[in-house]
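Asker: Annotation source TrEMBL lists signal peptide at 1-25. The domain 'Plant heme peroxidase family profile' annotation in TrEMBL covers 27-325. Per TrEMBL, disulfide bond is recorded for CYS37-CYS116, CYS70-CYS75, CYS122-CYS321, CYS200-CYS232. Annotated site 'Transition state stabilizer' per TrEMBL: ARG64, in sequence order. Here TrEMBL flags HIS68 as active site, proton acceptor. Look at TrEMBL and you will find ASP69, VAL72, GLY74, ASP76, SER78, GLU90 tagged as Ca(2+) 1 binding site. Annotated heme b binding site per TrEMBL: HIS193, in sequence order. For THR194, ASP244, ASP252, the entry in TrEMBL reads Ca(2+) 2 binding site.
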Amino acid sequence: MAIQKHIALLLQFLLVALVFDVANGYPLKLGFYQKTCPRAEAIVKRTTANYIYRAPSLAAALLRMQFHDCFVRGCDGSVLINSTRKNQAEKDGIPNLSLRGFQVIDAAKTAVEAACPGVVSCADILSLVARDAIHQIKGPYWPVPLGRRDGRVSIASESFTLPAPFANITQLKAQFVSKGLSVKDLAVLSGGHTVGISHCSTIATRLYNFTGKGDTDPSLDPRYVPQLKRICFPTDKTTLLAMDPGSSKSFDEDYYSVVLKRRGLFQSDAALLNDKTTSAYVKLQAKSRGYTFFKDFQASMVKMGQIGVLTGKAGEIRRHCALIN
């Protein structure tokens, strides 16, 4: 049965084995390093597994890191770059201050460099690590066409272009469409919150001062609000909350049931009920127990991994992921 599923998945994504980047005219492809660094993917998988085994919560963090990378300047590893005295980089932008898991990327890069110096990009390593981490916690497995190169620019202020937790459905749709993603992709990728966590500070306004009058966001289930207030006080900036309570360690469809009950933590979660397409998707997954969720997530991750990639002679292959050569 496992072999049949693997074959079916392979056939399903046969058409994306070669993915062309319009800007550069060179393809991403499966097995890109087969001749130049044949052990690269195995090395990344083994390194990732060592970290996720010890700290499974890193899987959600690494998935989020790839999302944040791809939505700013494309999937070019720019979120990995350290700030300097002359430049504040993306990772120090306010929306990225809670990113974690950089040590996993650095360890994978070090291991790959030991085998094949100067061959495998940090952007590709991040894409592989995110996939392998999610799969290790029994989430979906998707093909990762490779051949990305690393960007040389990273600007903190550009992190504010990321989809925000307080965004409405109009803003979210516009942001996804601008990256070549569909409204369905918005609904599907939001499902990554099934293993996410957040800080109380992110929802303080929703709970305590939604319109500046000491009120609560009416889109939240009023029966759920007291539970949240018992956990999160108005000035609490440290307490963590599960995005998918009761199922936060399992990559499953339960997030959609939470959203349908009007218990999504973010305004951006609640916003999925304010559009015909995204609302229908939420209801489908909640009522069918995620019948198509894994398949859809695989497809949407392949698409997201293609956003604005640098290929060919564009960019560089960084020797250290946090430093421009």
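Each position is counted from 1, following the chain as shown.
Yeah, the Cβs are placed from backbone N, Cα and C, and that goes for glycine too.
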Asker: Return the member of CYS37, ARG64, CYS75, GLU90 nearest to ASP244 (Ca(2+) 2 binding site) in space, with distance defined Cα to Cα and candidates limited to these recorded positions.
Answerer: ARG64
Asker: Using C-alpha positions only, work out which of the recorded positions HIS68, THR194, ASP252 is nearest to CYS75 (disulfide bond).
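Answerer: Smallest Cα separation from CYS75 (disulfide bond) among HIS68, THR194, ASP252: HIS68.
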Asker: Quick check: which same-chain residues outside ASP69, VAL72, GLY74, ASP76, SER78, GLU90 lie with their CB within 8 A of the centre of the Ca(2+) 1 site CB atoms?
Answerer: HIS68, CYS70, PHE71, ARG73, CYS75, GLY77, VAL79, GLY151, SER154, GLY308
Asker: If you compare CA-to-CA distances from the residue listed as 'heme b binding site' to each of the recorded positions CYS37, HIS68, CYS70, GLY74, CYS232, which comes out shortest?
Answerer: HIS68
Asker: Under 8 Å Cβ to Cβ from CYS200 (disulfide bond), same chain, six or more residues apart: give me those in sequence order, or none if nothing qualifies.
Answerer: ILE231, CYS232, PHE233, ASP236, LYS237, THR238, THR239, LEU240, LEU241
Asker: Under 8 Å Cβ to Cβ from HIS68 (active site, proton acceptor), same chain, six or more residues apart: give me those in sequence order, or none if nothing qualifies.
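Answerer: When sequence neighbours closer than 6 are ignored, HIS68 (active site, proton acceptor) has VAL79, GLU90, PRO95, ASN96, LEU99, SER159, LEU162 within Cβ distance under 8 Å.
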Asker: Tell me which of the recorded positions ARG64, HIS193 sits in the most Cβ-dense spot, judged by other Cβ atoms within 10 Å.
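Answerer: It comes out as HIS193.
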Asker: Rank the binding-site residues SER78, THR194 by the number of other Cβ atoms within 10 Å of each Cβ and report the first-ranked residue.
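Answerer: By the 10 Å Cβ neighbour count, SER78 comes out on top.
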Asker: Using a Cβ-Cβ cut-off under 8 angstroms and a sequence gap of six or more, which residues of the chain neighbour GLY74 (Ca(2+) 1 binding site)?
Answerer: GLY151, ILE307, GLY308, VAL309, LEU310
Asker: Nearest of the recorded positions to ASP76 (Ca(2+) 1 binding site) by CA-CA distance, picking from ARG64, CYS116, THR194, ASP252, CYS321?
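Answerer: For ASP76 (Ca(2+) 1 binding site), the closest Cα among ARG64, CYS116, THR194, ASP252, CYS321 is found at CYS321.
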